[in-house]
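Copied from TrEMBL, the annotated features are:
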TRANSMEM  55-81  transmembrane segment
TRANSMEM  93-110  transmembrane segment
TRANSMEM  117-139  transmembrane segment
TRANSMEM  151-174  transmembrane segment
TRANSMEM  186-210  transmembrane segment
TRANSMEM  222-244  transmembrane segment
TRANSMEM  303-324  transmembrane segment
TRANSMEM  355-375  transmembrane segment
TRANSMEM  387-409  transmembrane segment
TRANSMEM  451-469  transmembrane segment
TRANSMEM  476-492  transmembrane segment
TRANSMEM  512-532  transmembrane segment
Amino acid sequence: VLDEEQSSPPVTPTTTIPAMTELDAKENELIEHEARLNETIDVNLRSHIDRDPRAVWLLYLFQLILSVSFTLLSLLVAIYIFVDRDSYNTYGYHFGVMANLLALVGAVLSDSYLGKWLVLLSACGIFIGSMVLLSVFLIPTVVGSLSDGILFIPLAVASFGIGFIVPTILAFGGDQFLAIQEHGRARYFALMYFMSCAGGLIAVYVQPAVVFDYNNNEQESGIMYSAILTLAAALVPLLILLIGRRRFRTTPPMREFVVFKMAKAAVVAAHRFSSASPTERAAAGHWLNFAAKDHGSLFVQEVCDFGLAISHILLPVFFMSMLANHTDTFSWHMSMFFKTNDNITRYFPTSTYPALQGSILVSILLFTFVVFPLLERRGWKVSLHRRLGAGFLCALVAFALSLIVHAAAQDAYMDAFPRQPGQTDDDIRFPFGDRECSSCISQWAMLPQCIFLAFYYALAMPAAYHIVYIESGRRLRTFAMAILLVALFLSNRVDFYEKPLTLFASSAKTHGLYGGLGAVGFVVYLITMRFYTPRKERASINEAARRSKEAEYSKL
(Lines of atoms letter the chains of each structure in order from A; the text may use other names.)
(Lines give C-alpha, C1' and ligand atoms only; values in the text may rest on other atoms or scores of the structure.)
Protein backbone atom coordinates (compact mmCIF):
# COMPACT_ATOMS: atom_id res chain seq x y z
CA VAL A 1 0.00 0.00 0.00
CA LEU A 2 2.82 2.40 0.84
CA ASP A 3 4.52 1.64 -2.49
CA GLU A 4 1.29 2.37 -4.35
CA GLU A 5 0.80 5.68 -2.51
CA GLN A 6 4.38 6.74 -3.19
CA SER A 7 4.14 5.84 -6.86
CA SER A 8 0.81 7.59 -7.41
CA PRO A 9 1.15 11.02 -9.06
CA PRO A 10 0.04 13.98 -6.92
CA VAL A 11 -3.43 15.31 -7.62
CA THR A 12 -3.54 19.02 -8.42
CA PRO A 13 -6.89 20.48 -7.33
CA THR A 14 -8.53 23.00 -9.60
CA THR A 15 -9.95 24.83 -6.60
CA THR A 16 -8.05 25.45 -3.40
CA ILE A 17 -10.18 26.07 -0.33
CA PRO A 18 -8.51 28.49 2.10
CA ALA A 19 -7.07 26.82 5.17
CA MET A 20 -7.73 27.74 8.77
CA THR A 21 -6.38 31.15 9.73
CA GLU A 22 -5.86 32.93 13.03
CA LEU A 23 -9.22 34.61 12.58
CA ASP A 24 -10.84 31.22 12.11
CA ALA A 25 -9.28 30.12 15.39
CA LYS A 26 -10.88 33.12 17.13
CA GLU A 27 -14.22 32.30 15.56
CA ASN A 28 -13.87 28.71 16.74
CA GLU A 29 -13.16 30.00 20.23
CA LEU A 30 -16.46 31.90 20.09
CA ILE A 31 -18.28 28.72 19.04
CA GLU A 32 -16.55 26.72 21.79
CA HIS A 33 -17.46 29.42 24.30
CA GLU A 34 -21.09 29.07 23.24
CA ALA A 35 -20.84 25.29 23.67
CA ARG A 36 -19.42 25.67 27.19
CA LEU A 37 -22.18 28.10 28.18
CA ASN A 38 -24.87 25.69 26.99
CA GLU A 39 -23.17 22.41 27.87
CA THR A 40 -25.71 21.25 30.45
CA ILE A 41 -28.71 22.35 28.39
CA ASP A 42 -27.35 20.75 25.21
CA VAL A 43 -26.75 17.42 26.96
CA ASN A 44 -30.37 17.42 28.08
CA LEU A 45 -31.57 18.37 24.59
CA ARG A 46 -29.57 15.58 22.95
CA SER A 47 -30.92 13.03 25.39
CA HIS A 48 -34.50 14.11 24.56
CA ILE A 49 -34.04 15.06 20.93
CA ASP A 50 -37.73 14.65 20.03
CA ARG A 51 -38.97 16.93 22.80
CA ASP A 52 -39.27 20.68 22.68
CA PRO A 53 -36.96 22.53 25.09
CA ARG A 54 -38.68 23.60 28.28
CA ALA A 55 -37.52 27.16 27.68
CA VAL A 56 -39.78 27.61 24.65
CA TRP A 57 -42.88 27.13 26.79
CA LEU A 58 -41.83 30.21 28.72
CA LEU A 59 -41.36 32.03 25.41
CA TYR A 60 -44.86 31.04 24.27
CA LEU A 61 -46.28 32.69 27.39
CA PHE A 62 -43.93 35.63 26.83
CA GLN A 63 -45.25 36.13 23.30
CA LEU A 64 -48.91 35.74 24.29
CA ILE A 65 -48.82 38.31 27.10
CA LEU A 66 -46.64 40.70 25.14
CA SER A 67 -48.99 40.54 22.17
CA VAL A 68 -51.88 41.40 24.49
CA SER A 69 -49.92 44.37 25.82
CA PHE A 70 -48.89 45.64 22.37
CA THR A 71 -52.43 45.37 21.01
CA LEU A 72 -53.87 47.11 24.06
CA LEU A 73 -51.44 49.95 23.49
CA SER A 74 -52.42 50.20 19.82
CA LEU A 75 -56.10 50.33 20.78
CA LEU A 76 -55.33 52.88 23.47
CA VAL A 77 -53.63 55.08 20.89
CA ALA A 78 -56.48 54.75 18.38
CA ILE A 79 -59.46 54.95 20.76
CA TYR A 80 -58.40 57.31 23.53
CA ILE A 81 -55.24 59.31 22.95
CA PHE A 82 -55.48 60.47 19.33
CA VAL A 83 -59.22 60.45 18.80
CA ASP A 84 -59.49 62.80 15.83
CA ARG A 85 -58.17 61.60 12.48
CA ASP A 86 -55.62 64.40 12.04
CA SER A 87 -53.93 63.66 15.36
CA TYR A 88 -53.90 59.94 14.69
CA ASN A 89 -52.46 60.41 11.20
CA THR A 90 -49.72 62.61 12.64
CA TYR A 91 -48.77 60.80 15.83
CA GLY A 92 -50.37 57.35 15.73
CA TYR A 93 -48.97 56.63 12.28
CA HIS A 94 -45.45 57.67 13.25
CA PHE A 95 -45.68 55.55 16.40
CA GLY A 96 -46.29 52.47 14.25
CA VAL A 97 -43.53 53.40 11.81
CA MET A 98 -40.98 53.91 14.59
CA ALA A 99 -41.90 50.65 16.33
CA ASN A 100 -41.35 48.64 13.15
CA LEU A 101 -38.26 50.36 11.77
CA LEU A 102 -36.48 50.28 15.14
CA ALA A 103 -36.50 46.50 14.80
CA LEU A 104 -33.35 46.92 12.69
CA VAL A 105 -31.60 48.78 15.52
CA GLY A 106 -32.58 46.16 18.09
CA ALA A 107 -31.40 43.37 15.81
CA VAL A 108 -28.00 45.00 15.29
CA LEU A 109 -27.54 45.45 19.04
CA SER A 110 -28.57 41.84 19.62
CA ASP A 111 -26.20 40.31 17.08
CA SER A 112 -23.32 42.72 17.62
CA TYR A 113 -22.90 43.67 21.28
CA LEU A 114 -25.56 42.84 23.87
CA GLY A 115 -26.86 39.41 22.95
CA LYS A 116 -30.50 38.40 22.58
CA TRP A 117 -31.41 37.84 26.23
CA LEU A 118 -30.00 41.16 27.39
CA VAL A 119 -31.69 43.03 24.53
CA LEU A 120 -35.02 41.43 25.46
CA LEU A 121 -34.55 42.29 29.11
CA SER A 122 -33.59 45.89 28.32
CA ALA A 123 -36.45 46.30 25.83
CA CYS A 124 -39.00 45.02 28.36
CA GLY A 125 -37.65 47.52 30.87
CA ILE A 126 -37.91 50.34 28.33
CA PHE A 127 -41.47 49.38 27.43
CA ILE A 128 -42.53 49.18 31.08
CA GLY A 129 -40.94 52.56 31.78
CA SER A 130 -42.81 54.11 28.86
CA MET A 131 -46.10 52.67 30.14
CA VAL A 132 -45.44 54.09 33.61
CA LEU A 133 -44.76 57.49 32.05
CA LEU A 134 -47.88 57.26 29.90
CA SER A 135 -50.02 56.30 32.90
CA VAL A 136 -48.76 59.35 34.78
CA PHE A 137 -49.50 61.57 31.80
CA LEU A 138 -53.05 60.19 31.64
CA ILE A 139 -53.96 60.87 35.28
CA PRO A 140 -57.40 62.55 35.16
CA THR A 141 -56.19 65.78 36.74
CA VAL A 142 -53.45 66.12 34.12
CA VAL A 143 -54.86 64.66 30.91
CA GLY A 144 -56.73 67.77 29.84
CA SER A 145 -53.65 69.99 29.97
CA LEU A 146 -51.29 67.89 27.84
CA SER A 147 -50.91 68.31 24.10
CA ASP A 148 -50.70 65.47 21.61
CA GLY A 149 -46.99 66.16 21.19
CA ILE A 150 -46.36 65.60 24.91
CA LEU A 151 -48.41 62.40 24.91
CA PHE A 152 -46.34 61.16 21.99
CA ILE A 153 -43.15 61.16 24.12
CA PRO A 154 -43.93 57.95 26.06
CA LEU A 155 -45.17 56.36 22.85
CA ALA A 156 -41.87 57.16 21.15
CA VAL A 157 -40.06 55.52 24.07
CA ALA A 158 -42.39 52.51 23.84
CA SER A 159 -41.57 52.13 20.15
CA PHE A 160 -37.96 51.35 21.11
CA GLY A 161 -39.11 48.53 23.37
CA ILE A 162 -41.49 47.10 20.76
CA GLY A 163 -38.97 47.38 17.95
CA PHE A 164 -36.22 45.70 19.94
CA ILE A 165 -38.40 42.83 21.17
CA VAL A 166 -40.22 41.64 18.04
CA PRO A 167 -37.30 40.32 15.91
CA THR A 168 -35.18 39.32 18.89
CA ILE A 169 -37.75 37.04 20.51
CA LEU A 170 -38.18 35.08 17.27
CA ALA A 171 -34.44 34.52 16.82
CA PHE A 172 -33.94 33.89 20.54
CA GLY A 173 -36.53 31.13 20.49
CA GLY A 174 -34.91 29.55 17.45
CA ASP A 175 -31.62 29.43 19.37
CA GLN A 176 -33.20 27.22 22.02
CA PHE A 177 -33.16 24.28 19.60
CA LEU A 178 -30.23 22.30 18.28
CA ALA A 179 -29.70 22.38 14.52
CA ILE A 180 -30.95 18.81 14.19
CA GLN A 181 -34.26 19.63 15.92
CA GLU A 182 -35.84 20.95 12.75
CA HIS A 183 -39.36 19.68 13.47
CA GLY A 184 -39.37 21.24 16.92
CA ARG A 185 -38.19 24.57 15.58
CA ALA A 186 -40.86 24.55 12.86
CA ARG A 187 -43.46 23.91 15.56
CA TYR A 188 -41.99 26.78 17.59
CA PHE A 189 -42.38 29.38 14.84
CA ALA A 190 -45.93 28.19 14.13
CA LEU A 191 -46.93 28.42 17.78
CA MET A 192 -45.25 31.80 18.22
CA TYR A 193 -47.39 33.13 15.38
CA PHE A 194 -50.37 31.44 17.04
CA MET A 195 -49.61 33.22 20.31
CA SER A 196 -49.24 36.55 18.53
CA CYS A 197 -52.66 36.22 16.88
CA ALA A 198 -54.26 34.89 20.06
CA GLY A 199 -52.89 37.78 22.10
CA GLY A 200 -54.30 40.30 19.65
CA LEU A 201 -57.69 38.61 19.76
CA ILE A 202 -57.71 38.54 23.56
CA ALA A 203 -56.87 42.24 23.67
CA VAL A 204 -59.78 43.07 21.37
CA TYR A 205 -62.15 41.35 23.80
CA VAL A 206 -60.52 42.83 26.91
CA GLN A 207 -60.59 46.39 25.60
CA PRO A 208 -64.41 46.82 25.40
CA ALA A 209 -64.62 46.47 29.20
CA VAL A 210 -62.51 49.60 29.39
CA VAL A 211 -64.43 51.35 26.62
CA PHE A 212 -67.59 50.85 28.70
CA ASP A 213 -66.33 53.41 31.21
CA TYR A 214 -65.57 55.77 28.36
CA ASN A 215 -69.08 55.47 27.00
CA ASN A 216 -70.51 56.30 30.42
CA ASN A 217 -68.84 59.71 30.49
CA GLU A 218 -65.83 58.49 32.45
CA GLN A 219 -63.30 59.29 29.78
CA GLU A 220 -60.37 60.12 32.04
CA SER A 221 -60.68 57.01 34.22
CA GLY A 222 -61.20 54.84 31.14
CA ILE A 223 -57.98 56.13 29.62
CA MET A 224 -56.02 55.61 32.82
CA TYR A 225 -57.42 52.11 33.40
CA SER A 226 -56.51 51.13 29.85
CA ALA A 227 -52.94 52.37 30.34
CA ILE A 228 -52.64 50.53 33.67
CA LEU A 229 -53.95 47.33 32.06
CA THR A 230 -51.31 47.65 29.34
CA LEU A 231 -48.63 48.21 31.98
CA ALA A 232 -49.73 45.18 34.01
CA ALA A 233 -49.57 42.97 30.92
CA ALA A 234 -46.07 44.28 30.12
CA LEU A 235 -44.71 43.26 33.54
CA VAL A 236 -45.25 39.53 32.94
CA PRO A 237 -42.72 39.12 30.08
CA LEU A 238 -40.02 40.76 32.20
CA LEU A 239 -40.66 38.29 35.02
CA ILE A 240 -40.54 35.39 32.54
CA LEU A 241 -37.09 36.45 31.32
CA LEU A 242 -35.76 36.72 34.86
CA ILE A 243 -37.27 33.45 36.09
CA GLY A 244 -36.14 31.43 33.09
CA ARG A 245 -32.64 32.88 32.81
CA ARG A 246 -30.86 29.58 33.53
CA ARG A 247 -33.12 27.60 31.22
CA PHE A 248 -32.33 29.59 28.07
CA ARG A 249 -29.58 28.68 25.62
CA THR A 250 -27.19 31.58 25.05
CA THR A 251 -25.63 32.74 21.79
CA PRO A 252 -22.77 35.16 22.54
CA PRO A 253 -22.69 38.32 20.38
CA MET A 254 -19.78 39.08 18.07
CA ARG A 255 -18.66 42.17 20.01
CA GLU A 256 -18.36 43.92 16.65
CA PHE A 257 -20.71 46.04 14.57
CA VAL A 258 -21.94 43.12 12.51
CA VAL A 259 -23.67 45.08 9.73
CA PHE A 260 -20.60 47.22 9.04
CA LYS A 261 -18.36 44.16 9.15
CA MET A 262 -20.64 42.32 6.74
CA ALA A 263 -20.73 45.22 4.28
CA LYS A 264 -16.97 45.73 4.53
CA ALA A 265 -16.29 42.03 3.89
CA ALA A 266 -18.48 42.08 0.78
CA VAL A 267 -16.84 45.23 -0.60
CA VAL A 268 -13.31 43.98 0.07
CA ALA A 269 -14.05 40.60 -1.47
CA ALA A 270 -15.63 42.15 -4.56
CA HIS A 271 -12.68 44.51 -5.05
CA ARG A 272 -10.09 41.75 -4.72
CA PHE A 273 -12.07 39.38 -6.90
CA SER A 274 -12.33 41.95 -9.69
CA SER A 275 -8.57 42.52 -9.69
CA ALA A 276 -7.59 38.84 -9.32
CA SER A 277 -6.35 36.66 -12.13
CA PRO A 278 -8.35 33.65 -13.37
CA THR A 279 -5.93 31.34 -11.54
CA GLU A 280 -6.42 33.19 -8.25
CA ARG A 281 -10.17 33.15 -8.68
CA ALA A 282 -10.14 29.41 -9.28
CA ALA A 283 -7.93 28.89 -6.25
CA ALA A 284 -10.26 30.92 -4.01
CA GLY A 285 -13.31 28.91 -5.03
CA HIS A 286 -15.79 31.66 -4.13
CA TRP A 287 -15.48 35.40 -4.48
CA LEU A 288 -16.21 36.01 -0.77
CA ASN A 289 -13.17 33.93 0.18
CA PHE A 290 -11.02 36.87 -0.88
CA ALA A 291 -12.13 38.55 2.38
CA ALA A 292 -11.50 35.48 4.55
CA LYS A 293 -7.99 36.58 5.49
CA ASP A 294 -9.26 39.84 7.01
CA HIS A 295 -12.67 38.78 8.33
CA GLY A 296 -12.47 35.02 8.88
CA SER A 297 -13.56 32.05 6.81
CA LEU A 298 -16.60 31.35 8.97
CA PHE A 299 -17.86 34.91 8.80
CA VAL A 300 -17.66 35.15 4.99
CA GLN A 301 -19.67 31.93 4.83
CA GLU A 302 -22.32 33.55 7.02
CA VAL A 303 -22.35 36.61 4.77
CA CYS A 304 -22.96 34.27 1.83
CA ASP A 305 -25.78 32.48 3.65
CA PHE A 306 -27.36 35.78 4.69
CA GLY A 307 -27.37 37.14 1.15
CA LEU A 308 -28.88 33.99 -0.32
CA ALA A 309 -31.55 33.72 2.38
CA ILE A 310 -32.72 37.32 2.04
CA SER A 311 -32.52 37.58 -1.74
CA HIS A 312 -34.58 34.49 -2.55
CA ILE A 313 -37.45 35.08 -0.13
CA LEU A 314 -37.84 38.81 0.52
CA LEU A 315 -39.42 39.91 -2.78
CA PRO A 316 -42.01 37.08 -3.02
CA VAL A 317 -43.04 37.54 0.62
CA PHE A 318 -43.36 41.31 0.11
CA PHE A 319 -45.61 40.98 -2.96
CA MET A 320 -47.78 38.21 -1.52
CA SER A 321 -48.22 40.12 1.73
CA MET A 322 -49.42 43.12 -0.28
CA LEU A 323 -51.95 40.92 -2.07
CA ALA A 324 -53.22 39.36 1.18
CA ASN A 325 -53.60 42.75 2.86
CA HIS A 326 -55.44 44.08 -0.18
CA THR A 327 -57.83 41.13 -0.11
CA ASP A 328 -58.47 41.73 3.59
CA THR A 329 -58.99 45.48 3.22
CA PHE A 330 -61.09 45.13 0.07
CA SER A 331 -63.43 42.74 1.88
CA TRP A 332 -64.02 45.32 4.58
CA HIS A 333 -64.68 48.06 2.00
CA MET A 334 -67.16 45.88 0.15
CA SER A 335 -69.11 44.76 3.24
CA MET A 336 -71.80 47.38 2.53
CA PHE A 337 -72.95 45.47 -0.56
CA PHE A 338 -73.99 42.42 1.45
CA LYS A 339 -77.08 41.81 3.55
CA THR A 340 -77.17 43.99 6.63
CA ASN A 341 -80.06 42.22 8.36
CA ASP A 342 -78.23 38.98 9.18
CA ASN A 343 -76.23 40.64 12.00
CA ILE A 344 -72.87 39.10 11.17
CA THR A 345 -71.06 42.22 10.01
CA ARG A 346 -68.71 42.13 12.96
CA TYR A 347 -67.39 38.70 11.95
CA PHE A 348 -66.10 39.61 8.49
CA PRO A 349 -63.13 40.27 8.02
CA THR A 350 -60.35 42.60 8.76
CA SER A 351 -57.36 41.33 10.67
CA THR A 352 -58.78 42.60 13.98
CA TYR A 353 -62.13 40.84 13.64
CA PRO A 354 -62.81 37.40 15.10
CA ALA A 355 -63.54 35.58 11.83
CA LEU A 356 -60.11 35.89 10.27
CA GLN A 357 -58.16 35.72 13.52
CA GLY A 358 -60.11 32.70 14.69
CA SER A 359 -59.62 31.00 11.33
CA ILE A 360 -55.87 31.62 11.55
CA LEU A 361 -55.69 30.10 15.03
CA VAL A 362 -57.63 27.00 14.00
CA SER A 363 -55.57 26.66 10.80
CA ILE A 364 -52.25 26.81 12.64
CA LEU A 365 -53.31 24.07 15.04
CA LEU A 366 -54.73 22.00 12.19
CA PHE A 367 -51.61 22.16 10.03
CA THR A 368 -49.10 21.85 12.89
CA PHE A 369 -50.62 18.95 14.81
CA VAL A 370 -52.77 17.11 12.25
CA VAL A 371 -51.98 17.71 8.58
CA PHE A 372 -48.16 17.83 8.58
CA PRO A 373 -47.66 14.87 10.97
CA LEU A 374 -50.15 12.80 8.94
CA LEU A 375 -48.37 13.57 5.66
CA GLU A 376 -44.97 12.77 7.16
CA ARG A 377 -46.21 9.43 8.49
CA ARG A 378 -47.26 8.62 4.94
CA GLY A 379 -43.78 9.47 3.71
CA TRP A 380 -44.59 12.85 2.13
CA LYS A 381 -42.02 15.38 3.23
CA VAL A 382 -43.54 18.84 3.54
CA SER A 383 -40.51 21.12 3.50
CA LEU A 384 -40.57 24.72 4.67
CA HIS A 385 -40.37 26.02 1.12
CA ARG A 386 -43.32 23.87 0.08
CA ARG A 387 -45.33 25.24 3.00
CA LEU A 388 -44.47 28.77 1.94
CA GLY A 389 -45.44 28.04 -1.66
CA ALA A 390 -48.73 26.50 -0.54
CA GLY A 391 -49.43 29.62 1.51
CA PHE A 392 -48.77 31.83 -1.51
CA LEU A 393 -51.17 29.73 -3.58
CA CYS A 394 -53.86 30.10 -0.90
CA ALA A 395 -53.44 33.89 -1.02
CA LEU A 396 -54.02 33.86 -4.78
CA VAL A 397 -57.12 31.69 -4.35
CA ALA A 398 -58.48 34.01 -1.64
CA PHE A 399 -57.94 37.01 -3.92
CA ALA A 400 -59.75 35.31 -6.82
CA LEU A 401 -62.65 34.33 -4.58
CA SER A 402 -62.94 37.89 -3.28
CA LEU A 403 -63.26 39.22 -6.82
CA ILE A 404 -65.93 36.67 -7.77
CA VAL A 405 -68.00 37.03 -4.60
CA HIS A 406 -67.85 40.80 -4.43
CA ALA A 407 -68.69 41.24 -8.10
CA ALA A 408 -71.83 39.19 -7.54
CA ALA A 409 -72.60 41.10 -4.33
CA GLN A 410 -72.18 44.46 -6.06
CA ASP A 411 -74.47 43.44 -8.93
CA ALA A 412 -77.16 42.29 -6.48
CA TYR A 413 -76.87 45.54 -4.55
CA MET A 414 -77.12 47.67 -7.68
CA ASP A 415 -80.20 45.72 -8.78
CA ALA A 416 -81.81 46.44 -5.41
CA PHE A 417 -80.80 50.11 -5.39
CA PRO A 418 -80.36 51.21 -9.02
CA ARG A 419 -78.48 54.39 -9.74
CA GLN A 420 -80.72 57.39 -10.23
CA PRO A 421 -79.93 60.16 -12.72
CA GLY A 422 -77.32 62.50 -11.32
CA GLN A 423 -76.24 60.19 -8.49
CA THR A 424 -72.56 59.69 -7.79
CA ASP A 425 -70.81 56.66 -6.33
CA ASP A 426 -70.78 58.30 -2.90
CA ASP A 427 -74.54 58.84 -3.08
CA ILE A 428 -75.01 55.12 -3.66
CA ARG A 429 -72.61 53.96 -0.99
CA PHE A 430 -73.70 56.25 1.84
CA PRO A 431 -75.19 56.24 4.38
CA PHE A 432 -74.00 52.81 5.53
CA GLY A 433 -76.66 51.79 8.02
CA ASP A 434 -79.81 53.21 6.39
CA ARG A 435 -80.39 50.43 3.88
CA GLU A 436 -81.36 46.83 4.41
CA CYS A 437 -81.08 44.73 1.28
CA SER A 438 -83.05 41.51 1.69
CA SER A 439 -82.25 40.43 -1.88
CA CYS A 440 -78.49 40.96 -1.48
CA ILE A 441 -75.98 38.17 -0.97
CA SER A 442 -75.32 37.06 2.59
CA GLN A 443 -71.97 37.88 4.14
CA TRP A 444 -71.46 34.17 4.75
CA ALA A 445 -70.44 34.05 1.08
CA MET A 446 -67.15 35.59 2.20
CA LEU A 447 -66.35 32.61 4.43
CA PRO A 448 -64.38 30.63 1.76
CA GLN A 449 -62.07 33.53 1.01
CA CYS A 450 -61.64 34.10 4.75
CA ILE A 451 -60.59 30.47 5.19
CA PHE A 452 -58.08 30.58 2.32
CA LEU A 453 -56.70 33.86 3.63
CA ALA A 454 -56.27 32.22 7.03
CA PHE A 455 -54.49 29.30 5.33
CA TYR A 456 -52.08 31.81 3.78
CA TYR A 457 -51.20 33.34 7.13
CA ALA A 458 -51.02 29.97 8.91
CA LEU A 459 -48.75 28.43 6.26
CA ALA A 460 -46.66 31.29 4.92
CA MET A 461 -45.83 33.39 7.96
CA PRO A 462 -44.31 30.68 10.22
CA ALA A 463 -42.51 29.17 7.22
CA ALA A 464 -41.05 32.54 6.21
CA TYR A 465 -39.77 33.21 9.74
CA HIS A 466 -38.25 29.74 9.96
CA ILE A 467 -36.61 29.90 6.52
CA VAL A 468 -35.03 33.28 7.21
CA TYR A 469 -33.77 32.06 10.58
CA ILE A 470 -32.26 28.77 9.50
CA GLU A 471 -30.92 29.88 6.11
CA SER A 472 -29.13 33.05 7.25
CA GLY A 473 -25.75 33.07 8.97
CA ARG A 474 -25.64 31.95 12.60
CA ARG A 475 -24.60 35.39 13.85
CA LEU A 476 -26.85 37.38 11.51
CA ARG A 477 -30.18 35.74 12.26
CA THR A 478 -31.75 38.51 14.31
CA PHE A 479 -30.82 41.09 11.68
CA ALA A 480 -32.26 38.88 8.92
CA MET A 481 -35.46 38.47 10.94
CA ALA A 482 -35.72 42.24 11.36
CA ILE A 483 -35.38 42.78 7.61
CA LEU A 484 -38.24 40.34 6.99
CA LEU A 485 -40.45 42.07 9.57
CA VAL A 486 -39.73 45.50 8.08
CA ALA A 487 -40.61 44.16 4.62
CA LEU A 488 -43.93 42.83 5.94
CA PHE A 489 -44.63 46.17 7.62
CA LEU A 490 -43.89 48.12 4.43
CA SER A 491 -46.15 45.81 2.43
CA ASN A 492 -48.99 46.81 4.78
CA ARG A 493 -48.29 50.48 4.14
CA VAL A 494 -48.34 50.33 0.34
CA ASP A 495 -51.74 51.48 -0.87
CA PHE A 496 -52.61 51.83 -4.54
CA TYR A 497 -56.14 53.10 -3.98
CA GLU A 498 -56.77 56.44 -5.64
CA LYS A 499 -59.26 57.13 -2.84
CA PRO A 500 -59.67 55.13 0.38
CA LEU A 501 -63.04 53.70 -0.66
CA THR A 502 -62.77 53.62 -4.44
CA LEU A 503 -64.99 50.72 -5.42
CA PHE A 504 -66.44 51.42 -8.84
CA ALA A 505 -64.53 53.37 -11.48
CA SER A 506 -60.95 52.34 -10.73
CA SER A 507 -61.59 49.01 -9.02
CA ALA A 508 -60.55 46.93 -12.04
CA LYS A 509 -57.27 48.80 -12.38
CA THR A 510 -56.55 48.56 -8.66
CA HIS A 511 -57.34 44.87 -8.39
CA GLY A 512 -55.41 44.14 -11.57
CA LEU A 513 -52.35 45.85 -10.11
CA TYR A 514 -52.49 43.92 -6.85
CA GLY A 515 -53.28 40.66 -8.59
CA GLY A 516 -50.40 41.21 -11.01
CA LEU A 517 -47.96 41.88 -8.18
CA GLY A 518 -49.14 38.75 -6.37
CA ALA A 519 -48.70 36.67 -9.52
CA VAL A 520 -45.23 38.12 -10.08
CA GLY A 521 -44.28 37.30 -6.50
CA PHE A 522 -45.46 33.71 -6.90
CA VAL A 523 -43.62 33.25 -10.21
CA VAL A 524 -40.43 34.77 -8.79
CA TYR A 525 -40.67 32.38 -5.86
CA LEU A 526 -41.09 29.37 -8.14
CA ILE A 527 -38.10 30.43 -10.25
CA THR A 528 -35.82 31.07 -7.29
CA MET A 529 -36.77 27.79 -5.65
CA ARG A 530 -35.95 25.95 -8.87
CA PHE A 531 -32.30 26.96 -8.43
CA TYR A 532 -32.04 27.37 -4.66
CA THR A 533 -30.29 24.79 -2.48
CA PRO A 534 -31.04 24.85 1.28
CA ARG A 535 -28.17 25.75 3.59
CA LYS A 536 -28.00 22.29 5.13
CA GLU A 537 -27.50 20.67 1.71
CA ARG A 538 -25.45 23.45 0.12
CA ALA A 539 -21.69 23.04 -0.21
CA SER A 540 -19.69 25.39 2.02
CA ILE A 541 -17.45 27.95 0.34
CA ASN A 542 -14.35 26.98 2.37
CA GLU A 543 -13.01 24.22 4.56
CA ALA A 544 -13.45 26.02 7.88
CA ALA A 545 -17.13 26.63 7.15
CA ARG A 546 -17.60 23.01 6.12
CA ARG A 547 -16.17 21.74 9.41
CA SER A 548 -18.28 24.19 11.39
CA LYS A 549 -21.50 23.11 9.66
CA GLU A 550 -20.70 19.45 10.19
CA ALA A 551 -20.27 20.11 13.90
CA GLU A 552 -23.49 22.15 13.97
CA TYR A 553 -25.59 19.32 12.51
CA SER A 554 -23.79 16.52 14.31
CA LYS A 555 -26.02 14.23 16.39
CA LEU A 556 -23.18 13.22 18.71
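Every residue gets a Cβ built from N, Cα and C, even glycine.
TrEMBL labels come from automatic prediction, so no person has curated them.
Same-chain neighbours of the transmembrane segment (355-375): 187, 190-191, 193-194, 197-198, 200-201, 328, 347-349, 382, 387, 447, 450-451, 453-455, 457-459, 462, counting only residues six or more beyond its ends whose CB sits under 8 Å from a CB of the stretch. The stretch from 55-81, 186-210, 451-469 that makes the most Cβ contacts under 8 Å with the transmembrane segment (303-324) is 451-469. The largest share of C-beta pairs under 8 angstroms with the transmembrane segment (117-139) comes from 151-174, of the ranges 55-81, 151-174, 186-210, 476-492. Long-range contacts of the transmembrane segment (186-210) within its own chain (CB-CB distance under 8 A, at least 6 residues past either end) are made by residues 52, 56, 59-60, 63-72, 75, 79, 169-170, 173-174, 176-177, 222, 225-226, 229, 352, 354, 357-358, 360-361, 364-365, 367-368, 384, 457-458, 461-463, 465-466, 469.
If you look at the transmembrane segment (55-81), the same-chain residues 6 or more away from its ends with a CB under 8 A from one of its CBs are 88, 91-92, 95-96, 127, 131, 138, 148, 151, 155, 158, 162, 165, 169, 172-173, 176-177, 188, 191-192, 195-200, 202-204, 206-207, 211, 214, 219, 222-223, 226-227, 229-230, 233-234, 236-237, 240-241, 243-244, 247-249. Long-range neighbours of the transmembrane segment (476-492) within the same chain, counting only residues 6 or more positions beyond its ends whose Cβ lies under 8 Å from a Cβ of the stretch, are 100-101, 103-104, 106-108, 110-111, 116, 166-168, 170-172, 174-175, 258-259, 262, 302-303, 305-306, 309-310, 313-314, 317-319, 321-322, 325, 464-465, 468-469. For the transmembrane segment (93-110), same-chain residues at least 6 beyond its ends with a Cβ under 8 Å from one of its own Cβ atoms are 74, 77, 116, 119, 123, 152, 155-156, 158-160, 162-168, 171, 253, 257-259, 478-479, 481-483, 485-486, 489.
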